[in-house]
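Some notes on the structure that comes next.
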Ligand code: ADP
C-alpha cells in the first residue's frame, strides 16, 4: 500500500520513519514545499529500511501521491513571536486550503490523516475543505495522550501498557479528559486491581498521572524544542489499522454529530478503525465529573472552530 506524507518536518518525517520500521506498507512518498528537505528526509529514512523492511521511501510532488490510500497531513507553520493562537490557526488553515486541494486532486480516494496542530480544529478544517465524509478525515487526536496514560498507569501498577485499557477523550490539549472511571487492567477495574496487588491509586497518585499525561508535551518541548517520536509512532499505528483493516479501537478525532450535547465538533473518543476509516464511534460510560469535563472540552473546541473563518 502506498502512503503519502505532506509536510516532511519533524512530525511528518518521524511518521515516515515509524512506518518504515513497522513495515506493512509498500511505498512512502514525502512532499514538502521545501523540496530539499523532503528529499533529504526520504533519503535518510530509506537508509534505515534495509535493516527492517522493503518499503520504498521517496520524495515527490503532489502528482506523485496518485494511488495513495492514505495521506498524512503534517504540514504547518510555527508560531511567530507575538502571534496569537487564533492568528496561527488562521495561517495553518491557509496552508490547508492549498494542501487539501492539491492532495484531493492527486489522490481523490485517499483517507486523510491529520497531524497538524491544533489537531481537532485542523481536522474540522480538512473535513470542510475536502468535502469528504468525516469517517475519512481522521485526526490523530488523543492517540498519543491515551498512550501516555496507559504507559503511566502500567508503570505504576507494574503491568505492560498494552494490558491497560484506558482512554483520553476530548481535545488533544489542555482540556482533555482522562477517563478513569471505566479504565481497566486486563478486565478488572483499576482500583480493584490496585487493591489486589497492594498498590495505592488514591487522588494523589491519580493527580500525578493526570499531570504526567496533560503536561507531557510542555515538558518535552522545554527540553528538546518539539515532540515528534511519540506522535510519529501513533500516526503509523493508525495507518496500520487502516492498511490491514484491523478494526482496532483507537482514540482519534473526527467531526462528530453530537458529544455531551455539543453538535458538529471534532474531538476524540474511542473509534473502530478499518480499511474505510472510522467504522464506529464508542461513547464510554463516564461519571458526572468526566461528563461535565468532556462537555467543556467539546465547547472549547467548538468555539475556537467557529472563531475561524472557514
Ligand atoms: P512539526 O514539528 O509540526 O513537524 P515542522 O516545522 O518541523 O513542524 O514541519 C512542518 C513542515 O510543513 C515544514 O517542513 C514546512 O516546510 C511544511 N509546510 C509548511 N507549509 C507547507 C505547504 N503549504 N505545503 C507543504 N508543506 C508545507
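Cβ coordinates are placed from backbone N, Cα and C, and glycine is handled just like the others.
TrEMBL: automatically predicted annotations, no manual curation.
Source: prediction; values computed, not measured.
Here's what TrEMBL has on this protein:
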type     : residues                                            : note
ACT_SITE : 172                                                 : active site, proton acceptor
BINDING  : 11, 32, 62, 76, 77, 115, 116, 117, 140              : NAD(+) binding site
BINDING  : 79, 85, 117, 118, 119, 120, 145, 146, 147, 148, 227 : substrate binding site
BINDING  : 150, 165                                            : beta-D-fructose 1,6-bisphosphate binding site
DOMAIN   : 1-139                                               : domain 'Lactate/malate dehydrogenase N-terminal'
DOMAIN   : 142-306                                             : domain 'Lactate/malate dehydrogenase C-terminal'
MOD_RES  : 218                                                 : phosphotyrosine
Taking a cut-off of under 6 Å between Cβ and any atom of ligand 1, tell me which of the recorded positions 11, 62, 79, 150, 165, 172 pass.
11
Within 10 Å of residue 227 (substrate binding site) (Cα basis), scanning recorded positions 11, 150, 218, I find 11, 218
State the Cα to Cα distance, in Å, between residue 147 (substrate binding site) and residue 165 (beta-D-fructose 1,6-bisphosphate binding site), rounded to an integer.
10
Including all protein chains shown, what's the count of other C-beta atoms within 10 A of the C-beta of residue 116 (NAD(+) binding site)?
28
Between the two most separated Cα atoms in 11, 32, 62, 76, 77, 115, 116, 117, 140, the residues recorded as binding NAD(+), what distance in Å do you get?
22
Highest CB neighbour count within 10 A among the recorded positions 62, 218?
62
Of the recorded positions 77, 145, 172, 218, which sits closest to residue 165 (beta-D-fructose 1,6-bisphosphate binding site) by Cα distance?
145
Provide, as an integer number of angstrom, the distance between the C-alpha atoms of residue 150 (beta-D-fructose 1,6-bisphosphate binding site) and residue 79 (substrate binding site).
31
Proximal residue to the residue listed as 'phosphotyrosine' among binding-site residues 11, 77, 119, 145 (C-alpha distance)
145
Site extent for substrate, whole Å (max Cα pair distance, 79, 85, 117, 118, 119, 120, 145, 146, 147, 148, 227):
26
Neighbourhood of the residue listed as 'active site, proton acceptor', C-beta criterion under 8 angstroms, separation at least six
117, 118, 119, 120, 139, 140, 141, 142, 144, 145, 253, 268
